[in-house]
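Worksheet: one structure, shown below.
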Amino acid sequence: MANATETIDWQEDAGRDLVRSFGPRMAMFVRGEGAYLWDDQGRRYLDFLGGIAVNSIGHAHPAFVEAVATQAARLAHVSNYFATPPQLALAARLKRLAGTGESGRVYFGNSGAEANEAAFKLARLHGGSDRPRILALRNAFHGRTMGTLALTGKAAMQEPFSPMVPGVEFLDSTVDALEAALDDRVAALFVEPIKGEAGVLPLPEGYLAAARELTARHGALLIVDEIQTGAGRTGEWFAFQHAGIVPDAVTVAKGIGGGFPIGALITFGAASELFYPGTHGSTFGGNALATAVAGAVLEEIERSGLVENAAARGAQLREAIEALDSDLIAGTRGEGLLIGIALSRPIAKAVTAAAMENGLVINAANDDTIRIAPPLTIGDVEIDEFLELFQTTLTTVAHALLLDDPDATASRLPKDPA
Ligand SMILES: *Cc1c(COP(=O)(O)O)cnc(C)c1O
């Protein structure tokens, strides 16, 4: 059949032409609308991964399309020798949403890693020679560039690329570990408020408040990586706002652009005065096109109450997921529409593959966690469809396990048939 041949063709092309650092592509997508995607065979999928928390207002949202088209036709790029109206408007909007007040400033880059690279340099500027130490949390993810990889406390990811940029030390995510590590030689503490890549692991209750107090006491910056949690995903504009703290800097990317590449470092108070002319820059960063699109995405999130929707739909989803009929679900974690579904067995990859077969896009954050990060626009229709597809998926996987795995069969038989 023609369709089957086409499928083989793109798999071959991808296998031959694309960098091998990503695994085999699971589908070839050609179109999206709202929370739905269509593949090259015309099959429809419910997208509950949202491009990894990127498609905050869904696919092909009219506000996104309009912003891209209008700004592209007007002015896309002029370099940072010049200002543009959308860039200034987005900087002011991000300051307002983050609550920096007058003294805040915004640096624009093109990705999460670039936002965190800027934050790393901010930490060095603050530290100077007196404060060479930078603290980060074990298993948090901050990016793949050499600087952000040095901040990412995962030995397996760092190992092929050592030596790392020096100065970074990793801590367990406990207040005790932080208290023990902090002294007046620490320039900054980096935290990921919910460790998305590690399996949607929230920080312990009270951690951010304690981190704020302890870093302030020692004169260290508190830098919050909101690249996955920002843009309203957790039911606040930024996850740090749940804790009622004021950090020194916040990094954003992913959901801010709704699919257009953009990242930013937002600084608060005195941290806003650390960069001085010549200390950092980017050719593309904050160009008129990217900032017009991000401005339109944030405007749509605000106008349609999607931050509140993320909170309400997140709670609704978690309750419903926990009520599903499957021994494979051990519980849920997260905040708003960043949800980790803990599995009772390390079969997240098999569940993800089976979900694709059923027309549902989800993600295996690790062996025993499914991550979902759907568009913030979802309502009852998408949630009901997700629950049905996910239940079917779990039933299929459970059945396959029973057939393949004698232990699984044994565990389902009466323990002691007296
Ligand atoms: C995705 C992510 C990054 C890296 O962003 P890129 O755009 O992939 O460079 C950094 N930190 C966190 C918390 C992320 O989720």
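Glycine is no exception: its Cβ is also placed from the backbone N, Cα and C atoms.
When TrEMBL records Gly112, Ala113, Asp225, Glu226, Ile227, Gln228, Thr283 as binding pyridoxal 5'-phosphate, the matching candidate from Phe64, Phe82, Phe141 it lists for that site is Phe141. Proximity to ligand 1 (Cβ under 6 Å from any of its atoms) holds for these binding-site residues out of Asp225, Glu226, Ile227, Ser282, Thr283: Asp225, Ile227. Other Cβ atoms within 10 Å of the Cβ of Ile227 (pyridoxal 5'-phosphate binding site) number 28 in total over all chains.
In sequence order, Ala113 are the recorded positions from Ala113, Asp225, Glu226, Gln228, Lys254 with a C-alpha within 10 Å of the C-alpha of Arg144 (N(2)-acetyl-L-ornithine binding site). Long-range Cβ contacts of Thr283 (pyridoxal 5'-phosphate binding site) within its own chain (separation 6+, distance under 8 Å): Ser79, Asn80.
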